[in-house]
């Protein structure tokens, strides 16, 4: 089974993506040369509109992990990750109605400024440090690549346009990169559909192979993916990302009005659904093409997330430029995710760690913002390179959003929805919530869930008719699977019995999607209890720091409906 290699046209397509991205940074550095201040650099002067912000939000959601691992997830475990579509909807609704109104009306640059206004400076610093740790650790896996030259080139370009152009450059390069990502996805999907003789054949193969497994409503929290784990756990996870994560919040609070900000969230939702649909269908294409000869279990690949690039080189290798388009799509995902985080890290560093403690002019703060962007860019490049060397040891980072994001979501929820929450309650809650969620996550790495809980689907090599050669190697970050030292799995004959496990192993086997709800619920519960015990019922919180009914769009919707009903009733009375 021979796989084609890159042609000159592929390198040209990839290089063109980098050049355009860098050019956007140069353009905004030139346009904004006379407005050098941290507000313009970090928030775009708060004059952005809904459409580019929504596309930027969608692009930063996608990473190389999305492009490579989501289809591999469907190939290995089935399409029930499609339930993420419901969790995206719930997350956008909660973000729009609960978190967006507070952050927008306060006109803050860093979301953690809110924590100092609502609680105290210690809470703000803790939240800032947790965000920095979370973001830097996540980006050691989000690139998903082991090619040093490409990691460094994309990292340098990303750092370049973030440092020069600020948030405006980040947003508009995201718009361009989203187009590249969708084009890369569609090129593979269209080629697969043509090769397999139509969409119906792909669905039929996936159905017979058990990949269309949407109807799994098992309530067992130990099951890796069911309707409930994906819908409930995913809602908490994505609410923490869109509701409190600086990378996302910084974009929509930069809109010129709260209406534009709300529209950006819901246009972004359409983008998320499109990406999810492409990812799930790409996974079905993978299975349809390799249902009789799995490249992974046959030894051609060393990691599941190599399946998509392997498929690309297998079916598009004879079309110069298309493999390069897919690689550009994968790296565009990384660029958009890393660039948004570099800008967010710079924002929280300047606003939370420098500005409160040093008296500087606006021009000095603007240069410091650029300097911190450069620093975090170099750090992200280094972490990505380190991940490519260490490989699977960084698989655990995928759960970091849940482990750290869950307690942070609980912390902000306490401040916004609980008027009697005190600073002592908030600190106690977030520390204990983080400790418990981290304990469960580490335990899950030591004692992974048994196969009957994760339920990987069968793969076969019966249709292979080739002699084994060196394995294909394009990436290094594997999809989270069961370590062979814990379980040995035969994909054609079922599961073997796992080694003996301690009593707490079932607690550690809880679905990784529940890490976020665990941290959130414990943070809120402990925070409320401690707040009541420390005099929270006597607390008087400013109305601007908590959610009121007038802050929500639902209030005005109900008011319009009520006024309309009243008008109709009066008209009928007069008649």
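Even glycines carry a Cβ here, placed using N, Cα and C.
Automatic prediction, not curation, is the source of TrEMBL annotations.
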Q: Among 205-224, 225-244, 245-264, find the range that TrEMBL records as transmembrane segment.
A: 225-244
Q: For the transmembrane segment entry in TrEMBL, name the matching range from 371-390, 451-470, 471-490.
A: 371-390
(Q) Using Cβ atoms and a strict cutoff of less than 8 Å, what residues sit near the transmembrane segment (178-203) while being 6 or more residues removed from its termini? (A) 17, 55-56, 58-59, 62, 67, 212, 271, 274-275, 278-279, 281-282, 284-285, 288-289, 308, 311-312, 315-316, 322, 325-330, 332-333, 336
Q | When counting Cβ pairs under 8 Å to the transmembrane segment (265-290), the leader among 82-104, 225-244, 396-418, 425-447, 512-536 | A | 82-104
(Q) Let me spell it out: take the transmembrane segment (82-104), skip the flanking residues so only those 6+ beyond its ends count, and list any with a Cβ under 8 Å from a Cβ in it. (A) 111, 114, 214, 227, 230-235, 237-239, 241-244, 249, 252-253, 258, 261-262, 265-266, 268-269, 272-273, 276, 280, 412-413, 416-417, 545-547, 551-554
